[in-house]
């Protein structure tokens, strides 16, 4: 996950402002979610936005595929249930098909588009710039700092968790998972180490003169060109939604 | 239990964003971070810890399968409800944005379903139970209650959105038992970690409770009346309707002008729960009318949130 993010950070040009990306992504998801249950055809043209972004920024297809697959199980179960609860028939081009299938397909397309839009935002926007954009949207500073701190430590802890699991599995090769009694103390130890790390982080921050109000988060200037790009894209999405009902 | 963007309507998504923003502002005020700046790095690393702990699966006793920690109740037990709610909100934001687990429009729903019930209902229950029983019982009951409420919210939010055709009873009967099992597993995992930490570092448990006894009791009473007793409320007309019935011969007056008809149609399309019922009507189990019960519970939450807003604004004004 982190590798896909990092490699995209290195190779791309940062020419879309994070605030623009945030506003465009939210509007896009809002528009996608607003379509009705059978709007399969109407949703297809909206795929142009994520596809263009993926191609233009040469985003990691492997990462996108993994994220899309992870989002599928819940939506597939709910979508498949439509086959049992909708018994009407609807016309789709020249065919008459069961409405349940159309509803299922629409749900899958909606989910794919929403996940693609969020993934494009994640892969094209560095976390510090996203934090700046959130601050300019008046999200409380404490929450933004909290986001940065959590993100900073996630990958460190994931590595540690992987090592713990691997060490257990090497000692108990026949076990599919860790026994609950052992798991409690294993994760408990990880938690205690977390507390010690939090103490050290706090001491290091205090020594550098840290305070919530003084912590510097760079807010990139939103130029006129970027504003126009954002407004035009947002208006395009909204107009499309209003025209295609 | 993460809600996806494809399942909710923009109206429900934005309403839940609003509710989450309200609870988050209230938590921020109550937390008073300026006085306890040390908590900030702790919240950050514990948020990251939840991600890591979710990677380590454990065997569920008596079954052949494995499960992992959710982390909400554990965070509340270690940080207190306000800090835990904010930490969970950040964890869910990272999950939605970076791992596509739950949507961005559905973010408000997810924070409410997984954070609010765990931190502000399950956790106070856990604290009460732990004084009288052992940690395992308290954790399991609290986790089950939190997850049952969260799962029920998913059902209500999905049905209010109207993006899928799912009968209320079928969906609820599918969601609630699954989350009963998940709740028991979550409770066991939470108890296993907390009992280890209590032995190793007893000073880490928090004593912070969010609500006093009166508010808690009134809230539970309101939910009970709204959720269950509303089904057996009188079907006879109320005072105003009775007066109209006596004078005009009908309970409700119907206007016939174009403006009235247009406004009535608009009201019908905007109303989330027309006539205190679900849009597609509600099923019933025995004497319990599900549509009316859901309307009652949703109403209680809307009133509770509406009551919180002036309180928060008053506090803000005072501090300004």
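Using the three backbone atoms N, Cα and C, a Cβ is placed for every residue, glycine included.
It is B:7-28, from the ranges B:7-28, B:249-270, that TrEMBL records as transmembrane segment. Sequence-remote contacts of a segment are chain residues at least 6 beyond its ends whose Cβ falls under 8 Å from one of its Cβ atoms, and for the transmembrane segment (B:180-200) they are 1, 53, 58, 60-61, 67-70, 73-74, 77-78, 135-136, 138-148. Long-range contacts of the transmembrane segment (B:135-160) within the same chain, counting only residues at least 6 positions beyond its ends with a Cβ under 8 Å from a Cβ of the stretch, are 1, 3, 7-9, 12, 16, 70, 72-73, 109, 112-114, 117-118, 121-123, 125-126, 129, 166, 168, 171-172, 175-176, 178-180, 182-184, 186-188, 190-191, 194-195, 198, 272-273, 278-280, 294, 297-298.
By the Cβ criterion (distance under 8 Å, sequence gap of 6 or more), the transmembrane segment (B:104-123) is not counted as touching the transmembrane segment (B:40-60), fewer than 3 such pairs being found. Tertiary proximity for the transmembrane segment (B:40-60) is limited to same-chain residues at least six positions away from its ends with a CB under 8 Å from its CB atoms, namely 33, 66-71, 74-75, 78-79, 83, 86-88, 90-91, 94, 185, 188-189, 193.
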